[in-house]
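Annotated features, as they stand in TrEMBL:
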DOMAIN    73-137  domain 'IrrE N-terminal-like'
Amino acid sequence: MTWQQAQSAAMLAAAQAHADLRVNRREPFVDVVGALAASGVAHLMWRPMGTLFGAYLKQPGVPVGVLVNNGIPFPARRMTLAHELGHHWFGHSTSLDDEHTAGGSGGGRARRWSDREKLAESFAAWFLMPAPAVQAAVRLVTGGPPLSTPEQAYQLSLLMGVPYRTLVRQLQTVRQVSSQTARAWAAVQPGRLKARAVAGFPAQASGRADVFVVAPTYDQVTLVVKQGDRVLFDARPAPAPASGVGASQGWPQWLVPVVGSGEGTSVAFDVLASSPDSGSARECEIEVEADPELKLVTLTMASGGTVQVRVASRPRGLEQGRSLG
């Protein structure tokens with residue numbers, strides 16, 4: 001089986017899975033944990049697994065289960081979940097998947113892939129990045145025009161919760177960019193894109209941390225962030241609201257303002273496990289309504305758009321209930 005054949009079969013299978021599992025193909029962020037549970041997989045277990053990214057476990061007389069390495073980055077966890085869902089959807093037998101066969105590492109196309117691994121990997125890409133979802137995410141990031149920079153592609157990967165280079169490959173597949181552009185953007189290190197985004201602000205503590213840049217075009221968007229990430233808001237559109245930021249609800253302790261050295265046109269926040277509230281946050285041109293128990297905050301920007309920031313914790317053990325992932 002060629003990769004093109006696998007892509008064609010996986011595209012159709014993923015579309016059918018979206019319909020059967022009631023996944024909204026026009027939402028940028030696909031809830032793959034919920035989809036896995038709805039598909040009939042009885043158990044999802046998170047644990048350290050060394051070099052293994054995930055495993056699909058299927059034996060006669062035993063409920064189907066999935067294991068995922070909770071030590072790999074958040075986007076790779078999501079790709080691995082979708083990859084294992086692909087094995088389940090195609091009716092495959094037990095499979096152990098490493099960084100070359102799951103997780104969207106982007107480095108495995110030159111090695112020899114079995115037909116079923118090609119199908120599962122292609123399914124993962126189409127399940128998390130169907131063309132309508134990609135198009136919706138592009139409109140949010142650019143406001144309508146086509147993508148024109150790798151920085152925009154990086155923000156797109158964060159919106160969709162997938163690895164940067166995996167997203168760039170899919171952009172070419174769904175004809176959002178040319179093959180030449182895809183090759184050029186794939187050669188750009190995400191670390192360079194992060195550094196450009198936070199210019200004027202203190203460096204982040206972790207190299208794995210991401211930088212979300214909330215564009216003025218964002219509205220009714222949920223950002224799924226992790227501890228250590230930075231969320232950068234454009235704060236220019238209008239004066240600060242009279243009520244101030246978080247005046248009634250209080251500022252959530254896990255979203256901490258970062259002071260920049262620029263001209264004050266942007267506001268940045270770091271996502272931390274816990275931190276004392278800071279009065280300086282009340283100077284931002286953003287209103288906040290927070291629920292600290294759910295680690296969820298709704299931000300109403302001066303432009304009028306609303307953005308939810310949800311913290312994705314590192315999962316451990318047996319998955320209990322349905323959650324974003």
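Each residue, glycine too, has its Cβ placed from N, Cα and C.
The residues of the domain 'IrrE N-terminal-like' (73-137), classed with DSSP into helix (H, G, I), strand (E, B) and coil, number 37 helix, 4 strand, 24 coil. Restricting the average to the domain 'IrrE N-terminal-like' (73-137) gives a pLDDT of 86.
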